[in-house]
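Have a look at the structure below, then the notes.
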Amino acid sequence: MSTLSTETVSNSSNSMTSTFLLVGMPGPSTAPSWWTLPLITVYLLSALGNGTILWIIALEPTLHRPMYFFLFLLSVSDVGLATALMPTLLGLAFAGAHAIPASACLLQMFFVHVFSVMESSVLLAMAFDRALAICRPLHYPSLLTNGVINKICLVIAFRCLGLHLPLPFLLAHMPYCHPQVLTHSYCLHPDMASLACPGAWGSVYSLVVVLSAMALDPLLIFFSYGLIVKVLQGVGSSEDRWKVGQTCAAHLSAVLLFYIPMILLALIDQLKVLLPQTAHTLLSYVHFLLPPLLNPILYSVKMKEIRERIYKRMQSRRVGCAQ
């Protein structure tokens, strides 16, 4: 890791300075860094995979159902999250640009958390959808109507925008007693709030808002899967259990992929585990960049209808080109 001078961001006036410093991956001091090509590759593959999912669901009327609508929102959040991270990641990779203006840092922080909470909320909605479909199959069409889906979307929008909109303003006006050097390659709320003076009231609201989604959602998701497992135990044959379990495999994989790295990072921070900065940085990259990359693959492989529609569209395009 490059040595960062904290003198340039020292804070003697207890107010936010104009610049934050970011931590990048270790490597030669000359730019571009060794991780530039993998970073660009991951982003382009993520954009291609999620763009394909969005394209297929938008164009296929047979996929205009609750489960695929939530998958559409998941792909939107994946693309948005990866895109929000790219400016600072590419700046560090290409030019070693550790300094970032405070306004740009607050803006990135807002979008990173908005799309993170959107992804968490959509994963919860998908778990709710699967639990209803498996536990109440006869009542599923009447329970999850278009009106109910619209209300779920409004709740997600309020969680993402309404609750998080005050965060940049609170952070901008809190007193700071520490040099404004962050521990990641992008701006995150807990990282920025930890630099504030002890007892800053805005950090309490910020912490409640962040934990309201990232702590509550996994509990509700695993509660939903507890209900599903209970129903599966009463299913007659192992073949029926296998078929029902397959419908949840892609979603459960996406849930584990999103939450396990986040939980590990939280435990490392809380328990003060001595971990090399390289490993800590890589784990944060896994948390933010791996789900957008792998979610389209998981859903394409596990969901037959998505796979068939992709193949059908590819075949029709080949025929059109041949003509």
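Cβ coordinates come from backbone N, Cα and C, glycine included.
TrEMBL lists 49-299 with the feature domain 'G-protein coupled receptors family 1 profile'.
Annotated transmembrane segment per TrEMBL: 34-57 (among others), in sequence order. Long-range contacts of the transmembrane segment (34-57) within its own chain (CB-CB distance under 8 A, at least 6 residues past either end) are made by residues 25, 27-28, 63-64, 68-69, 71-72, 75-76, 78-79, 82, 86, 89-90, 93-94, 289, 292-293, 295-297, 299-300, 306, 309-310, 313.
Per TrEMBL, the feature transmembrane segment maps to 69-94 (among others).
Annotated transmembrane segment per TrEMBL: 106-128 (among others), in sequence order.
The transmembrane segment feature in TrEMBL is assigned to 148-167 (among others).
The feature transmembrane segment is assigned by TrEMBL to 204-228 (among others). Residues 113, 116-117, 120-121, 123-124, 127-128, 130-131, 134-135, 159, 163-164, 166-167, 170-171, 189-190, 193, 244, 248, 252, 255, 259, 262-263 of the same chain sit 6 or more residues outside the transmembrane segment (204-228) yet have a Cβ under 8 Å from a Cβ within it.
Residues annotated as transmembrane segment in TrEMBL: 249-268 (among others).
Long-range contacts of the transmembrane segment (280-301) within the same chain, counting only residues at least 6 positions beyond its ends with a Cβ under 8 Å from a Cβ of the stretch, are 23-25, 42-43, 45-46, 49-50, 52-53, 71, 74-75, 78-79, 81-82, 85, 112, 116, 119, 183-186, 250, 253-254, 257-258, 261-262, 264-265, 268, 307, 310. Annotated transmembrane segment per TrEMBL: 280-301 (among others), in sequence order.
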